[in-house]
Amino acid sequence: MKQYLTFTEEVRHALENNLPVVALETTIISHGMPYPQNIEMAKEVEQIIRDNGAVPATIGIMDGKIKIGLTDSELEEFATNKNVAKVSRRDFAYILASGKIGATTVAATMIAAEMAGIHMFATGGIGGVHREGEITWDVSADLTELAQTDVAVVCAGAKSILDIGRTLEYLETQGVPVVGYRTDEFPSFFARKSGFGVDMRIDTPEEVGKMMNTKWDLGLKGGMIIANPVPESDALNHEEIEAVIQKALAEAKENNIAGKQVTPFMLDKVKKLTEGKSLATNIALVKHNAEVAAKIAVAYQKEANQGK
């Protein structure tokens, strides 16, 4: 397995010395945002993690290798190359074996992070059960990954375009703890509210770090969700975004958009219908998640190092 992994010097040094590391995905760069906002966001997020005492490890697949940490030129490649594949668990081996370039989703980033020994990951929002999922069976592989891979994910909830109620039901079935970070309500990506509660509320990085260590010390496989609402000043109104999503969903149906095309299509439509406000919110919530993830990574690593 190790023959597939390559590390930047910064990440290698951190892992060898038991320093806190935060994994980052590349799908948000290649498929989630337009250029140049995507590359600007990627670099800013990495710096936010450094400023909060941890080391960023942006993950992607290139030239038959799983890159744990990317150089500036590699980041640029993910931001501008139109042939970047979107990689989840099922595509992982194929993209790696064929030498193609692949951006990692939440699921694929978790797989690579665990291989590298990284247990903290910051993203925008997780995938989940799509609306009308009971008819289409369109359920993101992110959810099954969270059930089996030991990586905690800081996110602003599930993407608003999903069926949040069913997503939470599925996570409960899979035994994935959903922690509200300083919130009692599960956030819905662009909005702070969703109408659904979290399993438990935790207000400090230290308590989250302790829970992570305890979970894995017990041999309880799988990750956990740390739901961190978008800052109030950047949030969109829950009812307004819901109306926009209903409109975008109708268009997706008319155009027979399905499978892994749904999320990029919907995010693009929502961006147009909100006149770009959703993109600004998306960038703000990713930065906020990176800050919280770095603080928790520091607390988790301190706790883990004491137990060694």
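Using the three backbone atoms N, Cα and C, a Cβ is placed for every residue, glycine included.
Look at Swiss-Prot and you will find Glu25 tagged as active site, proton donor, backed by sequence analysis. The active site, nucleophile feature in Swiss-Prot is assigned to Lys159. Marked as substrate binding site by Swiss-Prot: Lys86, Val106, Ser140, Ala141, Asp142. Annotation comment: Swiss-Prot describes Asp138 as Mn(2+) binding site.
Feature annotations (Swiss-Prot) mapped to structure.
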residue : record                    : DSSP (3 states)
Glu25   : active site, proton donor : coil
Lys86   : substrate binding site    : strand
Val106  : substrate binding site    : helix
Asp138  : Mn(2+) binding site       : coil
Lys159  : active site, nucleophile  : coil
Tertiary neighbours of the residue listed as 'Mn(2+) binding site' (same chain, Cβ under 8 Å, six or more apart): Val129, His130, Glu132, Ala258, Gly259, Val262
Euclidean distance between Cα atoms of Lys159 (active site, nucleophile) and Ser140 (substrate binding site), Å: 11
Candidate with sparsest Cβ neighbourhood (10 Å radius) among Lys86, Lys159, the listed recorded positions: Lys86
Those binding-site residues of Lys86, Val106, Ala141 having Cα within 10 angstroms of Glu25 (active site, proton donor): Val106
Binding-site residues listed as Val106, Ala141, least Cβ neighbours within 10 Å: Ala141
Chain-internal residues near Asp142 (substrate binding site), provided their CB is under 8 angstroms and they sit 6+ positions away: Ser88, Thr105, Val106, Ala107, Met110, Ile126, Gly127, Gly128
Shell of the substrate site beyond Lys86, Val106, Ser140, Ala141, Asp142, same chain only (C-beta within 8 angstroms of their C-beta centre): Ser88, Thr105, Ala107, Ala108, Ile126, Gly127, Leu143, Glu145
Among the substrate-binding set Lys86, Val106, Ser140, Ala141, Asp142, as the record gives it, the longest Cα-Cα distance in Å: 13
Spatial separation of the residue listed as 'active site, nucleophile' from Lys86 (substrate binding site) - C-alpha basis, Å: 17
